[in-house]
Amino acid sequence: MDQIELTSSDNLLIISIKMGEEMNQFAQATEKDITRSIVEEFLGDFLSHIESDVIIVGGGPSGLVAARDLASNGIKTVVLESNNYFGGGFWLGGYLMNKVTVRAPAQKIFDQLGVPYKEVPDIKEGLYVADAPSACSKLISAACDAGAFMLNMNKFDDVVLRDGCVSGAVTNWTPVSALPRAITCVDPVAIEAKCLIDATGHDAVVANSLAGRGLVDLKGFSGMDVENSEDAVVNNTSELFPGLVVTGMAAATCFGLSRMGPTFGGMLQSGVKAAKIAEEIVRSQ
Ligand code: 48H
Ligand code: FE2
């Protein structure tokens, strides 16, 4: 293209030659080839994960850290996310402002992910701020790169409950599950796993499916108290019911812990701990 000389008299001709060159750069494939590649790839991945080690329900910060750690340790991991996008509340720090904060030692996770951050001046040391789009995209990328199967637009519907133990997740396409049953009644499908992690944030959706049957007692999260809540969330990240680990804000909801407001260190560190507990459950079976 550099060799072509533009002159005012034959501009039009030269432009058409450039467009012709650009249109020829792509390999040949027709519509059916593209359709086949999507269907075969997706179904291949889906089929190879209908029996997994761990299903993480919710792809926010706590779930994504757990996915990164589990998958990078060779645990077959699925992340089930009802939204089109992964990241949950991590895309925005708080109040529609896209800066995320963490308190030490959680900045070490930023270091691992390669997220640039600044220490907040004029306070006691140990509060850090980063660009949310950078932090969130790098965390999603880390979970993908580690090999977790990322299943978005899938809404957790129910648990598989076998011999008193959570043994899988019942799921449906999010748009289908949003339709009133009067319009369509499409039953969901299930994926089996040795362990589930409830990483659905404030709603603690998986734990709630057990609470609705009287199998667990959910306390609901308490008012804001940042100084105490993040340690409490990590300390309470645990196996709530056989086969069900709770992490992040879901753990706060289950155990009646204070909320922490727009800071994410507790979410990230809780995800690290949830992965360790889930890995122990998987390896003990
Ligand atoms: C599939 C589902 C379903 C479903 C929900 O809310 P999140 O970001 O969760 P955490 O716990 O990793 O992080 C909490 C943090 O964002 C936060 O809210 C904080 C720190 N609040 C403090 C405060 O004081 O308010 O992500 C949960 C994810 C989301 O992506 C949802 O779309 C997803 O779970 N999800 N996925 N099936 N039924 N329900
Ligand atoms: Fe929140």
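Note that Cβ sites are derived from N, Cα and C of the backbone, with glycine treated the same way.
Caution: TrEMBL annotation is automatic and unverified by curators.
Here is what TrEMBL records for this protein:
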- Ser62, Gly89, Asp187, Met249: NAD(+) binding site (BINDING)
- Asp187, His202: Fe cation binding site (BINDING)
- Arg259: glycine binding site (BINDING)
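TrEMBL feature annotations superimposed on the structure.
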residue: Ser62; record: NAD(+) binding site; CB count, 10 Å: 36
residue: Gly89; record: NAD(+) binding site; CB count, 10 Å: 19
residue: Asp187; record: NAD(+) binding site; CB count, 10 Å: 8
residue: His202; record: Fe cation binding site; CB count, 10 Å: 14
residue: Met249; record: NAD(+) binding site; CB count, 10 Å: 29
residue: Arg259; record: glycine binding site; CB count, 10 Å: 17
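For the recorded site, Met249 (NAD(+) binding site), the DSSP three-state label reads helix.
Taking CA atoms as the reference points, the residue listed as 'glycine binding site' and Ser62 (NAD(+) binding site) are 15 Å apart. Checking Cα-Cα distances from His202 (Fe cation binding site) against the binding-site residues (Ser62, Asp187, Met249) with a 10 Å cut-off leaves Met249, in sequence order. Counted over all residue pairs in Ser62, Gly89, Asp187, Met249, the record's binders of NAD(+), the longest Cα to Cα distance measures 29 angstrom.
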